[in-house]
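J.: To start, I am sharing the structure in question, which I have written as structure tokens.
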């Protein structure tokens, strides 16, 4: 039957679905189906995704959440529920509902890589629980205290195939680090203050609670780990970057403001030229820019997958050593694309491992 645009097939109407695995390609599963988990699946459905684990929802609920989204719109492909599995455009995914990663039966598929987007298992010891069922590598979709962190356009080349648990840092770090990397290489960074004007997230309260204030009803000042993370992925900037976060009542897309003291004098056009050259010459989707006099607002950038979209209307130089830069980023879809990029990079480096399977 058809319900809400989703095709529901009960076990009595169809046999148990088979997980189809592309020949010789490693498989990936998603743990946690919140904002990031959903975006990752939308972007990676053709990337040999074979499973999703979400303890708070069954296959039908996950299918509905995947199909319909307030921010990113309706998924235009086919979504079918097949018992405890999903068929998305012909790609069959097993659905699990376990709280504990050690209890997920990844080995019955099997699963090579897990993207953990729960926000709960952010340390190596907890993320490694996925490996009890045969998983080879785990990618954490959050900053980590002890897992190596990687940011595309900055330090992907530091990844080694001996690493088993890695972090994709945060969405804000993925915006700030590539940009600061340009400025530091061209002009040198003495120190930097960063502020992210960040869209509200599901971790905030809808209505006031005892310790939390309403996200849609307030501008909320908060901390950010992005400043410290920048110093980890760019060791030369360790201790030189600090910052904070301002949560605002919008659903998606955030704005990063950088206030930088540079070592070598520079004019406004030199700063813009350095950014423009990198965005133009780099064959990736890390850097982009918005021309002068092109006025946009945050909702214009929903769905954009660049890590950092520099707004030249928000670039200025005071004197010749104080630089301010404003850059937009889709903190959901853009960050999710970076997770997939990290996965793809790891697969290339790990190829001799996966070839032995």
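Just so it is clear, glycine is given a Cβ too, placed from its N, Cα and C backbone atoms.
Automatic prediction, not curation, is the source of TrEMBL annotations.
On a predicted model such as this, the values are computed, not experimentally measured, just so you know.
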J.: So TrEMBL lists 170, 171, 172, 201, 224, 225 for D-glyceraldehyde 3-phosphate; which of 209, 213, 247 goes with them?
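T.: Candidate in the recorded D-glyceraldehyde 3-phosphate site: 247.
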J.: Among 125, 141, 144, 223, which is the one TrEMBL gives for the NAD(+) site where 35, 36, 331 also bind?
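T.: Among 125, 141, 144, 223, only 141 appears alongside 35, 36, 331 as NAD(+)-binding in TrEMBL.
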J.: Using DSSP, how many residues of the domain 'Glyceraldehyde 3-phosphate dehydrogenase NAD(P) binding' (26-171) fall into helix, strand and coil, respectively?
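T.: Per DSSP, the residues of the domain 'Glyceraldehyde 3-phosphate dehydrogenase NAD(P) binding' (26-171) fall into 39 helix, 35 strand, 72 coil.
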J.: For NAD(+), what surrounds 35, 36, 141, 331 with a Cβ no more than 8 Å from their Cβ centroid?
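T.: Everything else in range on the chain: 34, 37, 39, 117, 171, 332, 335, 336.
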J.: Please report the number of other Cβ atoms within 10 Å of the Cβ of residue 36 (NAD(+) binding site).
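T.: There are 27 of them.
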J.: Hey, for the D-glyceraldehyde 3-phosphate site built from 170, 171, 172, 201, 224, 225, 247, who else sits with CB inside 8 A of the CB center?
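T.: Here the non-site neighbours turn out to be 196, 198, 226, 245, 254, 331.
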J.: Taking the Cα atoms as reference points, how far is residue 198 (site 'Activates thiol group during catalysis') from residue 172 (D-glyceraldehyde 3-phosphate binding site) in Å?
T.: 9
J.: How far apart, in Å, are the two Cα atoms that lie farthest from each other among 170, 171, 172, 201, 224, 225, 247, the residues recorded as binding D-glyceraldehyde 3-phosphate?
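T.: Per the listed residues, the maximum Cα distance equals 15 Å.
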J.: Work through the recorded positions one by one (35, 36, 141, 171, 331) and name whichever has its CA nearest to the CA of residue 224 (D-glyceraldehyde 3-phosphate binding site).
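T.: Closest candidate to residue 224 (D-glyceraldehyde 3-phosphate binding site), judged by Cα separation, is 171.
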